[in-house]
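A.B. asks: Take a look at the following structure, please.
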Amino acid sequence: MDINVIVDWKRFLILYISSIFGLFMVLLYVVGSSLNFGFPFTVLVMAQSLGALVGNAVLYVGAILLGLYCSKKMGFRVLGKINIKEVIFSMKIGLFLGVILGAISTIAEYSMILNLRSMSTHLTICGMFLSVYGGINEEVIFRLFLMGSFAYLLSELGIKRAVEVSLVTSPILFAIGHTPVSMEFISKKTIMSMLFVSNFIFGLVFGYIYWKKGLEYAMVSHFSLDFVLYVVIPLSVILCH
(Lines of atoms letter the chains of each structure in order from A and count residues from 1; the text may use other names and numbers.)
(Lines give C-alpha, C1' and ligand atoms only; values in the text may rest on other atoms or scores of the structure.)
Protein backbone atom coordinates (compact mmCIF):
# COMPACT_ATOMS: atom_id res chain seq x y z
CA MET A 1 0.00 0.00 0.00
CA ASP A 2 1.21 3.49 -0.85
CA ILE A 3 2.41 5.17 2.35
CA ASN A 4 1.03 8.49 1.10
CA VAL A 5 -2.45 6.97 1.33
CA ILE A 6 -1.86 5.97 4.96
CA VAL A 7 -0.13 9.15 6.13
CA ASP A 8 -1.38 12.71 5.72
CA TRP A 9 2.02 14.36 5.44
CA LYS A 10 0.68 17.90 5.66
CA ARG A 11 -0.96 17.22 9.01
CA PHE A 12 2.08 15.26 10.14
CA LEU A 13 4.44 18.14 9.40
CA ILE A 14 2.19 20.68 11.12
CA LEU A 15 1.89 18.54 14.24
CA TYR A 16 5.55 17.57 14.28
CA ILE A 17 6.85 21.12 13.87
CA SER A 18 4.38 22.27 16.52
CA SER A 19 5.57 19.51 18.86
CA ILE A 20 9.22 20.46 18.38
CA PHE A 21 8.25 24.04 19.15
CA GLY A 22 6.51 22.81 22.31
CA LEU A 23 9.62 20.87 23.35
CA PHE A 24 11.68 24.01 22.83
CA MET A 25 9.25 25.89 25.07
CA VAL A 26 9.86 23.32 27.82
CA LEU A 27 13.59 23.82 27.35
CA LEU A 28 13.14 27.56 27.88
CA TYR A 29 10.99 26.88 30.95
CA VAL A 30 13.55 24.55 32.51
CA VAL A 31 16.44 26.90 31.79
CA GLY A 32 14.47 29.89 33.07
CA SER A 33 13.59 28.03 36.26
CA SER A 34 17.27 27.23 36.88
CA LEU A 35 18.54 30.81 36.61
CA ASN A 36 18.28 31.37 40.36
CA PHE A 37 20.77 28.55 40.99
CA GLY A 38 23.70 30.14 39.16
CA PHE A 39 25.26 30.03 35.72
CA PRO A 40 27.11 26.65 35.98
CA PHE A 41 23.96 24.86 37.07
CA THR A 42 21.96 26.53 34.28
CA VAL A 43 24.49 25.38 31.67
CA LEU A 44 24.28 21.81 33.01
CA VAL A 45 20.50 21.88 32.92
CA MET A 46 20.53 23.27 29.39
CA ALA A 47 22.85 20.49 28.18
CA GLN A 48 20.67 17.80 29.74
CA SER A 49 17.51 19.39 28.37
CA LEU A 50 18.93 19.56 24.85
CA GLY A 51 19.72 15.86 25.00
CA ALA A 52 16.19 15.09 26.15
CA LEU A 53 14.77 17.33 23.40
CA VAL A 54 16.60 15.39 20.70
CA GLY A 55 15.42 12.07 22.09
CA ASN A 56 11.82 13.22 22.37
CA ALA A 57 11.93 14.67 18.86
CA VAL A 58 12.56 11.16 17.55
CA LEU A 59 9.78 9.63 19.65
CA TYR A 60 7.26 12.19 18.40
CA VAL A 61 7.73 10.97 14.82
CA GLY A 62 6.31 7.57 15.70
CA ALA A 63 3.67 8.93 18.06
CA ILE A 64 2.26 11.36 15.49
CA LEU A 65 2.37 8.91 12.59
CA LEU A 66 0.60 6.19 14.55
CA GLY A 67 -1.79 8.69 16.10
CA LEU A 68 -2.80 10.11 12.73
CA TYR A 69 -3.33 6.66 11.26
CA CYS A 70 -5.44 5.38 14.15
CA SER A 71 -7.39 8.61 14.50
CA LYS A 72 -8.24 8.57 10.81
CA LYS A 73 -9.47 4.99 11.13
CA MET A 74 -11.64 5.97 14.10
CA GLY A 75 -13.00 9.10 12.43
CA PHE A 76 -11.42 11.58 14.84
CA ARG A 77 -11.03 15.08 13.45
CA VAL A 78 -7.46 16.41 13.29
CA LEU A 79 -6.61 19.87 11.97
CA GLY A 80 -9.75 20.50 9.98
CA LYS A 81 -11.35 23.79 9.05
CA ILE A 82 -11.24 26.17 12.01
CA ASN A 83 -14.52 27.35 13.51
CA ILE A 84 -13.93 30.56 15.48
CA LYS A 85 -17.01 30.03 17.66
CA GLU A 86 -15.74 26.58 18.63
CA VAL A 87 -12.30 28.03 19.38
CA ILE A 88 -13.80 30.63 21.72
CA PHE A 89 -16.02 28.02 23.36
CA SER A 90 -13.06 25.67 23.90
CA MET A 91 -11.06 28.56 25.34
CA LYS A 92 -13.85 29.39 27.79
CA ILE A 93 -13.97 25.77 28.95
CA GLY A 94 -10.22 25.76 29.57
CA LEU A 95 -10.29 29.06 31.45
CA PHE A 96 -13.18 27.85 33.61
CA LEU A 97 -11.42 24.58 34.43
CA GLY A 98 -8.22 26.48 35.23
CA VAL A 99 -10.03 28.71 37.71
CA ILE A 100 -11.71 25.69 39.33
CA LEU A 101 -8.45 23.75 39.71
CA GLY A 102 -6.62 26.82 40.96
CA ALA A 103 -9.33 27.46 43.55
CA ILE A 104 -9.27 23.85 44.74
CA SER A 105 -5.49 23.88 45.10
CA THR A 106 -5.18 27.21 46.90
CA ILE A 107 -8.16 26.82 49.23
CA ALA A 108 -7.28 23.25 50.16
CA GLU A 109 -3.67 24.01 51.04
CA TYR A 110 -2.71 27.58 51.94
CA SER A 111 1.01 26.74 51.82
CA MET A 112 0.66 26.70 48.04
CA ILE A 113 0.00 30.45 48.20
CA LEU A 114 3.19 30.89 50.21
CA ASN A 115 5.13 28.94 47.58
CA LEU A 116 3.70 31.11 44.82
CA ARG A 117 4.60 34.29 46.72
CA SER A 118 8.24 33.21 46.77
CA MET A 119 8.34 32.78 43.01
CA SER A 120 10.19 35.28 40.85
CA THR A 121 8.16 37.20 38.29
CA HIS A 122 10.23 35.73 35.46
CA LEU A 123 9.08 32.24 36.51
CA THR A 124 5.47 33.21 35.86
CA ILE A 125 6.53 34.35 32.41
CA CYS A 126 8.20 30.97 31.97
CA GLY A 127 4.80 29.51 32.82
CA MET A 128 3.67 30.64 29.37
CA PHE A 129 6.24 28.26 27.87
CA LEU A 130 4.82 25.41 29.93
CA SER A 131 1.30 26.32 28.83
CA VAL A 132 2.29 26.04 25.17
CA TYR A 133 3.84 22.64 25.83
CA GLY A 134 0.71 21.44 27.61
CA GLY A 135 -1.61 22.65 24.88
CA ILE A 136 0.37 21.14 22.03
CA ASN A 137 2.53 18.24 23.17
CA GLU A 138 0.34 16.73 25.85
CA GLU A 139 -2.63 16.71 23.50
CA VAL A 140 -0.54 15.06 20.80
CA ILE A 141 0.56 12.35 23.21
CA PHE A 142 -2.52 11.79 25.36
CA ARG A 143 -5.26 12.44 22.82
CA LEU A 144 -3.90 11.89 19.30
CA PHE A 145 -1.53 9.03 20.14
CA LEU A 146 -2.83 7.27 23.27
CA MET A 147 -6.57 7.80 22.92
CA GLY A 148 -6.53 7.33 19.15
CA SER A 149 -4.35 4.21 19.09
CA PHE A 150 -6.12 2.65 22.08
CA ALA A 151 -9.53 3.21 20.50
CA TYR A 152 -8.32 1.66 17.25
CA LEU A 153 -6.80 -1.33 19.06
CA LEU A 154 -10.02 -1.96 20.97
CA SER A 155 -12.09 -1.70 17.80
CA GLU A 156 -9.81 -4.20 16.05
CA LEU A 157 -10.32 -6.57 18.98
CA GLY A 158 -14.05 -6.31 18.43
CA ILE A 159 -14.77 -4.45 21.65
CA LYS A 160 -17.97 -2.43 21.54
CA ARG A 161 -17.84 1.29 22.34
CA ALA A 162 -14.09 1.36 21.80
CA VAL A 163 -14.05 5.15 21.64
CA GLU A 164 -15.90 5.53 24.92
CA VAL A 165 -13.58 3.05 26.66
CA SER A 166 -10.46 4.85 25.40
CA LEU A 167 -12.04 8.17 26.36
CA VAL A 168 -12.32 7.01 29.98
CA THR A 169 -9.00 5.15 30.25
CA SER A 170 -6.60 7.64 28.65
CA PRO A 171 -7.29 10.38 31.27
CA ILE A 172 -5.96 7.98 33.92
CA LEU A 173 -2.52 8.20 32.32
CA PHE A 174 -3.03 11.94 31.94
CA ALA A 175 -3.69 12.26 35.69
CA ILE A 176 -0.73 10.04 36.57
CA GLY A 177 1.52 12.11 34.33
CA HIS A 178 0.57 15.30 36.19
CA THR A 179 1.11 13.87 39.68
CA PRO A 180 4.83 14.85 39.92
CA VAL A 181 3.99 18.46 39.00
CA SER A 182 1.28 18.61 41.65
CA MET A 183 3.67 17.24 44.29
CA GLU A 184 5.88 20.31 43.88
CA PHE A 185 3.17 22.44 45.47
CA ILE A 186 0.94 20.04 47.40
CA SER A 187 2.04 17.86 50.32
CA LYS A 188 -1.21 16.47 51.77
CA LYS A 189 -2.25 13.08 50.41
CA THR A 190 -5.94 13.96 50.53
CA ILE A 191 -5.34 17.04 48.40
CA MET A 192 -3.19 15.01 46.01
CA SER A 193 -6.12 12.62 45.60
CA MET A 194 -8.42 15.54 44.82
CA LEU A 195 -5.99 16.85 42.21
CA PHE A 196 -5.65 13.38 40.70
CA VAL A 197 -9.42 13.19 40.29
CA SER A 198 -9.47 16.76 38.93
CA ASN A 199 -6.80 15.98 36.34
CA PHE A 200 -8.70 12.83 35.38
CA ILE A 201 -11.86 14.88 34.82
CA PHE A 202 -9.96 17.49 32.83
CA GLY A 203 -8.40 14.77 30.68
CA LEU A 204 -11.89 13.40 30.16
CA VAL A 205 -13.11 16.83 29.03
CA PHE A 206 -10.19 17.30 26.62
CA GLY A 207 -10.77 13.80 25.25
CA TYR A 208 -14.45 14.52 24.70
CA ILE A 209 -13.61 17.76 22.89
CA TYR A 210 -11.15 15.84 20.71
CA TRP A 211 -13.76 13.21 19.93
CA LYS A 212 -16.63 15.57 19.17
CA LYS A 213 -14.86 18.71 17.90
CA GLY A 214 -11.26 17.97 16.92
CA LEU A 215 -7.70 17.88 18.22
CA GLU A 216 -7.08 21.59 17.67
CA TYR A 217 -9.99 22.52 19.96
CA ALA A 218 -8.69 20.22 22.69
CA MET A 219 -5.34 22.00 22.34
CA VAL A 220 -6.97 25.41 22.76
CA SER A 221 -8.85 24.28 25.85
CA HIS A 222 -5.78 22.67 27.41
CA PHE A 223 -3.61 25.72 26.76
CA SER A 224 -6.22 28.00 28.32
CA LEU A 225 -6.35 25.88 31.48
CA ASP A 226 -2.56 25.81 31.82
CA PHE A 227 -2.34 29.54 31.16
CA VAL A 228 -4.57 30.20 34.17
CA LEU A 229 -2.61 27.78 36.37
CA TYR A 230 0.93 28.69 35.39
CA VAL A 231 0.63 32.38 34.51
CA VAL A 232 -2.53 34.14 35.72
CA ILE A 233 -2.78 32.70 39.24
CA PRO A 234 0.94 32.91 40.18
CA LEU A 235 1.26 36.41 38.71
CA SER A 236 -1.87 37.56 40.56
CA VAL A 237 -0.50 36.24 43.88
CA ILE A 238 2.87 37.93 43.34
CA LEU A 239 1.37 41.28 42.33
CA CYS A 240 -1.10 41.27 45.24
CA HIS A 241 1.59 40.36 47.78
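Just so you know, glycine gets a Cβ as well, placed from its N, Cα and C.
So TrEMBL lists these for the protein:
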type	residues	note
DOMAIN	124-228	domain 'CAAX prenyl protease 2/Lysostaphin resistance protein A-like'
TRANSMEM	12-31	transmembrane segment
TRANSMEM	37-66	transmembrane segment
TRANSMEM	87-108	transmembrane segment
TRANSMEM	114-133	transmembrane segment
TRANSMEM	165-186	transmembrane segment
TRANSMEM	193-211	transmembrane segment
TRANSMEM	217-240	transmembrane segment
A.B. asks: So what's the average pLDDT for the domain 'CAAX prenyl protease 2/Lysostaphin resistance protein A-like' (124-228)?
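C.D. replies: Mean per-residue confidence for the domain 'CAAX prenyl protease 2/Lysostaphin resistance protein A-like' (124-228): 83 out of 100.
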A.B. asks: Count up the helix, strand and coil residues in the domain 'CAAX prenyl protease 2/Lysostaphin resistance protein A-like' (124-228) according to DSSP, in that order.
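C.D. replies: Counts, helix then strand then coil: 93 helix, 0 strand, 12 coil.
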